[in-house]
Amino acid sequence: MSFFGLDCVKKKEEETERRIRANDREYNLSFRYATNAIKTSKYNLLTFLPLNLFEQFQRIANAYFLCLLVLQVIPVISSLSWFTTVVPLALVLTVTAVKDAIDDIHRHKSDRKVNNRKAQVLINGELRSEKWMNVQVGDIIRLENNQFVTVSLYLPSLEPRGLKLCVKQALTVTGEMGGSIEALAAFKGEVCCEAPNNRLDRFTGTLVWKEQKYPLDNQSVLLRGCTLRNTEWCFGMVLFAGPDTKLMQNCGKTSFKRTSIDRLMNVLVLFIFGFLVLMCIILAVGHGIWEYYEGSKVTGFVPREESRGPALSAFLMFWSYIIILNTVVPISLYVSMEVIRLGNSYYINWDRLMYYNRSDTPAEARTTTLNEELGQIRYIFSDKTGTLTQNIMTFNKCSINGKSYGTSLLEAVKLETEEVHNFFRLLALCHTVMAEEKNNGQYLVYQAQSPDEGALVTAARNFGFVFRSRTPESLTIVEMGVQRSYELLAILDFNNVRKRMSVIVRSPEGTLSLYCKGADTIIYQRLHESCSKLMEVTTEHLNEFAGEGLRTLVLAYKDLDEDYFSEWLQRHHEASTALEGREDKLNELYEEIEKDLLLIGASAVEDKLQDGVSQTIEQLAKADIKIWVLTGDKQETAENIGYSCNLLREEMTDVFIVAAHSTEDVLLYSVTVLTLRVHWFCFCCLLCLCFCLRSFSSFFILLRNARAKMRPNAGEDAFFIPESILGNDPKVVQDETVNGEFGLVINGHSLAYALESSMELEFLRTACMCKTVMCCRVTPLQKAQVVELVKKYKQAVTLAIGDGANDVSMIKAAHIGVGISGQEGMQAVLSSDFSFAQFRFLQRLLLVHGRWSYLRMCKFLRYFFYKNFTFTFVHFWYAFFCGFSAQTVYDQSFIALYNLVYTSLPVLGMALFDQDVNDGWSLEFPQLYVPGQLSLYFSKTAFMKCALHSCYSSLVLFFIPYATVYDSMRSDGKEGADYQSFALLTQTCLTFTVCLQLSLDLSYWTAVNHLFVWGSLGMYFIVTFTMQSDGLYQLHPPSFFFVGTSRNTLDQFSVWLTVFLTAVLCVLPVLVHRLIFIQFKPTINDKVHRQSSYFNTTRPSPQRRTKIRRSSTRRSGYAFSHTQGYGDLVTSKRTLSTPLPAPLFKNQRY
C-alpha cells in the first residue's frame, strides 16, 4: 500500500534463489516477483496537492514564509498586512506546482508509452498481443529479429532453419519444440536459478522437465537491453522482469541531482537566517533600551499597556522585526531560478546547430534543473563505441609482400599477383562470419561477431574473393568468379591472451594450409626466420598506418604436412575432451602448430570517428576539461581510438599501460618494468597497484623516488598521501602539477584492484596527474565506481556521456548525464539529463549553453541578493530613528510589489538573454570556460562582496534622502519633512538605483531587456500614482493612507536631484572597481570582450586547421573481438544446416 508516495508495506524478505514454473501464473504470483511495469511518475490526482505542498514546504524558505504568515495574523506583533506575505508565497507555490504538474504529466505519458507497447505472449494455448506491463515472470513470449528485449529470458526455442550464428543457444531438449505453439503451451518446465544480481557475465540455474535436470548458463539466457540478431524469431521464458533484470540491477539508484549552486544556496540561506536573527536581536535590544529610557515620554502619542515592561516589549518587537525584515530571505528566489532554468533549457532544445539532420534528432534538455552545472564541468567520462566512433569499420590500406597498397590495390588484384590473391584468400577463409542471402539471392549479407571481422570479409568480397557459405566442415568462397570449396579442419580461436586467430583448411587441390591473422607483436614471434627482411619493411608500413590511426592486423600462413597434422589433430581431440586443464592443453597445441609462419602482409582498418570528435576533444582540453574514456572494448581498440581522436598523442612524455589479469600479473609486470628501467612515471602507477595487492612494502622506496622525480619540490607530499587529504572529512584530493604530459591506459582487472578502499586514493592521485585516462574492459558497475571515486575525492563537477544500456550506471552516477541517441537503443537517453545525436555537440552544450547558463545564473544571484539586501538594510537603519518601533520605511504596497513587479522582470530578462560574448567567440576561446570551473562568478566570497555593497548602498539610500527632507521646505512654502514624503523618496531612489545597477551588469541589450527595465520603472510610477490617488482612498481609507503623496512630492526639483545623486553614489564604487581591474588586471572575459568589440564582428572567422601527420613508434593493436571467439560454436553443428545451392545467381550482388 502506498500513501502519499510512502511505502507502508513491510518489505519482502531478501531473495536467495528463484523458482519459476513455465505457463503457471498462479504459482509464480505466490512469490510476488516484480512485474514488468515501470513507474517514473510521482503524483496522481489524489496525491498531487498534498504531496506537492509537502515537498515544497520542505524548502527552508517556503516553510519560513509560512511561519511568517502565522505571525502576521497576530495583531500584537504584526505591523504589516497579511497580504504582503500571502501574495508572493501563493505565487511561488502556484508557479512551482504548475511546473511540477507539467513535468509529471510528461512522465505519465512516457510511462504509458513504454508500458503499453505490445508483446506476443503465450496465454492459454494461444499467442496473444499483451502490453509490456502485463508480462509476468514465467510467461512464454515470442521475439522477432531486431526486436528489443525488455525482460531477462531463458530460450526454450530458436528458429531451427537458416545459416545463423547464434551466440545464445536453446537447450537441445527444448529446442526440439521449434515454433510449435501446442508444444510450447504444454511446456511445464520449472527453473531454479540465482536471485536477481548485477553479474552480466554469469548465470547459474537448472531446468527441471520430465523428471530430468538440465544445467542453464549464460549461453541460454537473453538479457534485457540487448537486441535479437541473426535469427528471425525465438521463444523465451521470462526469468526476471522490471527492476529485477540484470541491466536494471546495474543501472544503480536514481538519485536527485542538485547543482553546486543549489548546495551553496542552502548554506547561504542558513547564513542569511542567522544574520536575520542577529539583526532582529540587535533591534529588539535597542527597543528594550529605548523603551526603558524614553518610552514613558511618548505615552501621549503611543499608548501602551502598563503591564508590558521593556523586556516583554523587546521580546514582542523581536518577532515584529522578523516580519519586517523577512525580505532578506528571498521568497521568490527559488521560483525565479526555476523559470531561468526552464528558459535556458528551451534554448538547448531550439538550437539548430545541435540538430542532427540524418536521424532527425534535435538536442533535448530532459531536465530543467541542471543547466548552470554545464558551465562548471571538470571531468568528462565517455564511452567509446557509438559515442566517439560510428562503430563502422572500413578497409583502408594494406601491405602485401613488402609493398604498401592504397588506391592501387585494385590494379594489383587484376594482375593476378599470387601474393595479393593469397592475401585476400586468407581474409575470405580466416574468420567466423556467417553469410546470408536476402531477396532471393539479390543481396549477400554478412553476420559478424565484430565490425572488424565484417570489414575484412567485405573487403575480400569487394576485391573478388567472395565468402559465400559455411558448414561445420566446409567453407565456400568464390575466387575471381570461380567457386571453390575448402574443407574446414580446425578453428584455433581468438581470445584476449592469444590475440590471434587461425584456421586449418584443405583446398580443393588437397593442399593443407594454416591461415593466421593477429596482432603484429604476437605474429612476429611466430614467423620463420626467412621473413626477417620482409618483417622490417612491413613494420615500416605498420608504423605508417598507425600514424594515421588505423587498426592493423598481420597476416601469415604455412603449409602443413599430412602425417604431422593427423597426429596433431588426434592430440587436439584428446585435449578438447579433457576434464582437467583443457584450456592449457589446447593452448600448448596451438603454440606448437602456430610457428614458422610465412608473412603475407598486414591490413589496416579504419574505425570511423564521428564527425568533429577530434576538434571537440581539442576544444574541451583547451577549456581545462579532462576526459576519461570508460569502455568495455579491448585495450588495443581503446588505444587506437585514443590516438585517432587526439586523446593520446605521440608528443606525450609517456603513455603507461596497465594490463594485468591477476594479482601475480601485476607483481610480475612491476618487476619487468623495473628491470627494463621504464620511465619513473610507470613505476608510480605500477607501484600503486602493487600496494593494492598488499605488495607495497617491497616497492615503497621506489615509489618515493618516483614521486620525487614527478614533483621534485613537493617534499614529503611526493612520497605520502598528504595530511591535508587524510585529515579531512570528506577527504579532498587537490590537483597536482607534474613535469610533462602523461596518459594512463588500465584494463578492468587492474581497475578492480585499484578501486579497493586501500588503493583508491593512490590510484586517483596518479590518474589525476595524467592528461588522459582510458579504462578498458570495464563493466557497467565499474564505470559508475570510477565516476563515484572522482566525485568523492575531487571538488569537481563530472559529466558522463554514452549511448548504450551499459552506460546507464555512469550516466546516473555523474553530476550530469548525457545520452547519445545512436545505434544501441534509447536506454542511455531515457536515463540522461541531456541528449543529442553526435558527440561533437558536446562542445556547444558546454562552451556555449553551459557557460551562458552559469554566467546568467551567477549574475542573477548577485543582483538578486544585492537588491533584496539593500531593500532590507534600509529598514535596519531606519529603526534607529523610529524608536525601534518596527515601523516600515516604505509604503506597504511597495513592500508587496517590490520583488513581484518592480524588480522581477529586469533580472529575469538579464538571466534569460544576457551574453558576455556571442557563441562564436565562446567557441573560439574555450578558456572563457575556466572561471566557471573555479566558481569565480558566484561563491561565498562573491556573496560577501555583494552583502557589503548592499550595506554601502543602503546607507546612501537612507541618509541622503533623510538629509534631503530633514527640516526641508517645499517650493510652495509648506514643510517637506513628513514620514510619507520620506518613504516615497526613499523607495523611488531604491527603484532607480537597482535598475541602474542592473543596466551596468547587462552585457547584451535586447528589445526585451529594454522593455523589462524601462517598463518596470514606468510600472513603478503608474502603480504608485494609482495607489496614492484620491479615488482609492475614498474606497477604503485605512488601506490607502498615502493619498496624494506622490503628486505632492515628485514635483519637487530637489527630489529628482536626490534620486540622481543617490543612484550615482551607489554605483560609483562598482564603476571604479571595474575600471581599475580592467586596466591593470583584466580577466579572460575582459580580453575577449575587448577583442570582439575591437573587431566589431558578430562571429570570429574560423581558423584554418593544418593537418599534422604523425610518425608513430607504436602500432595499432589487434582490435578484433570483445570476448572469446565463436570458433567452437561454428564447428559444433548446433546452428548450421546444409549449405546453400552451389550455382550462383546471374544477377546476384556481392
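Every residue, even glycine, has its Cβ placed from backbone N, Cα and C.
All annotation found in TrEMBL is predicted automatically rather than curated by experts.
The active site, 4-aspartylphosphate intermediate annotation in TrEMBL covers Asp383. Residues annotated as ATP binding site in TrEMBL: Asp383, Lys384, Thr385, Glu453, Phe494, Lys517, Arg551, Thr631, Gly632, Asp633, Arg777, Lys783, Asn806, Asp807. According to TrEMBL, the Mg(2+) binding site annotation covers Asp383, Thr385, Asp803, Asp807. For 1102-1113, the entry in TrEMBL reads compositional bias 'Basic residues'. The domain 'P-type ATPase N-terminal' annotation in TrEMBL covers 20-86. Look at TrEMBL and you will find 829-1083 tagged as domain 'P-type ATPase C-terminal'. Sequence annotations record features per position, and here TrEMBL assigns region 'Disordered' to 1094-1118. Taken from TrEMBL, the feature transmembrane segment covers 60-77, 267-290, 310-335, 678-703, 860-881, 893-913, 942-962, 982-1000, 1012-1033, 1053-1072.
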**OP:** Could you measure between Thr385 (ATP binding site) and Asp803 (Mg(2+) binding site) for me? Cα positions, answer in whole angstrom.
**Re:** 8
Original post:
Based on Cα coordinates, which of the following recorded positions are within 10 Å of Asp803 (Mg(2+) binding site): Asp383, Phe494, Arg551, Gly632, Arg777?
Top reply: Asp383
Original post:
To the nearest whole angstrom, what is the C-alpha distance linking Arg551 (ATP binding site) and Asp807 (Mg(2+) binding site)?
Top reply: 25
Subject >> Cβ atoms near Asp383 (active site, 4-aspartylphosphate intermediate) (within 10 Å, other residues, all chains) >> reply: 28
**OP:** Between the transmembrane segment (1012-1033) and the stretches 267-290, 310-335, 893-913, 942-962, 1053-1072, work out which stretch tops the count of Cβ pairs under 8 Å.
**Re:** 893-913
Original post:
How many whole Å apart are the CA atoms of Phe494 (ATP binding site) and Asp807 (Mg(2+) binding site)?
Top reply: 26
Original post:
By DSSP, how many residues in the domain 'P-type ATPase N-terminal' (20-86) are helix, how many strand, and how many coil?
Top reply: 31 helix, 2 strand, 34 coil
**OP:** Output the one of Arg551, Arg777 that, of all these binding-site residues, has the highest number of other Cβ atoms within 10 Å of its Cβ.
**Re:** Arg551
**OP:** State the mean pLDDT for the domain 'P-type ATPase N-terminal' (20-86).
**Re:** 79
Original post:
Between the transmembrane segment (60-77) and the transmembrane segment (860-881), do 3 or more CB pairs sit under 8 angstroms, pairs being 6 or more residues apart?
Top reply: no
Subject >> Alpha-carbon distance [Asp807 (Mg(2+) binding site); Arg777 (ATP binding site)] in Å >> reply: 13
Subject >> Around the Cβ of Gly632 (ATP binding site), the count of other Cβ atoms that are within 10 Å >> reply: 24
**OP:** Determine the C-alpha span of the ATP site listed in the record, that is the greatest distance between any two of Asp383, Lys384, Thr385, Glu453, Phe494, Lys517, Arg551, Thr631, Gly632, Asp633, Arg777, Lys783, Asn806, Asp807, in Å to the nearest whole number.
**Re:** 32
Subject >> Stretch in 60-77, 310-335, 893-913, 1053-1072 most in contact with the transmembrane segment (982-1000), if contact is a CB pair under 8 A >> reply: 1053-1072
Original post:
Between the binding-site residues Asp803, Asp807, whose Cβ has more other Cβ atoms within 10 Å than any of the rest?
Top reply: Asp807
**OP:** Looking only at C-alpha atoms, tell me how far Asn806 (ATP binding site) is from the residue listed as 'active site, 4-aspartylphosphate intermediate', rounded to the nearest Å.
**Re:** 9
Original post:
To the nearest whole angstrom, what is the C-alpha distance linking Asp807 (Mg(2+) binding site) and Asp383 (active site, 4-aspartylphosphate intermediate)?
Top reply: 7
**OP:** Provide the number of Cβ atoms within 10 Å of the Cβ of Phe494 (ATP binding site), excluding the reference atom itself.
**Re:** 25
Subject >> Spatial separation of Gly632 (ATP binding site) from Asp383 (active site, 4-aspartylphosphate intermediate) - C-alpha basis, Å >> reply: 8
